[in-house]
Amino acid sequence: MYSANRSHRAETRNRSKDELRKVINSLEKVRRWEKKLVLIKDTNIRIYKWVPVSAQNIMAPPKIKEVKEVDEESNQVPSAENSQDSTSVTQPPPQFDINEDSNFSTGDHFDSDSNQTFEPQNYQGGATGSTDFSSMRDAEMTSKQP
């Protein structure tokens, strides 16, 4: 009798797991995905990520804000993309290319932490063969001996 109860419990667990899998799979089939520019927490890094379309975006029509005159000082150009409300998704400033390297700077300032220089480097390195350290080894040996 004890073993019958165990098999009965296992059967109900498996059945509930199967039902849960069916529900999840049916939701995944109808879920819509879109690629959005997402700001990573605690950084200024923005990456494209596939995110599910929220029900609010599907149901609510996009809010169109009144187009104002663009000042010369303004960095943002009013458009349908910039007027949509988004909590975790941000649009990049228009002066930056989306595919640019994050270490690239368009400013005329010099990064003091950078080890790069603007002067040409006259490196005359040759990869003609293996490096010979025998002269350095001989000099070391003679300096160690009194």
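Just so it is clear, glycine is given a Cβ too, placed from its N, Cα and C backbone atoms.
Copied from Swiss-Prot, the annotated features are:
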| type | residues | note |
| --- | --- | --- |
| COMPBIAS | 75-90 | compositional bias 'Polar residues' |
| COMPBIAS | 113-134 | compositional bias 'Polar residues' |
| COMPBIAS | 135-146 | compositional bias 'Basic and acidic residues' |
| REGION | 59-146 | region 'Disordered' |
Legend entry - the compositional bias 'Basic and acidic residues' (135-146): DSSP-derived helix, strand, coil residue counts: 10 helix, 0 strand, 2 coil
Legend entry - Distant-in-sequence neighbours of the compositional bias 'Basic and acidic residues' (135-146), which means Cβ under 8 A and at least six residues beyond its ends: none
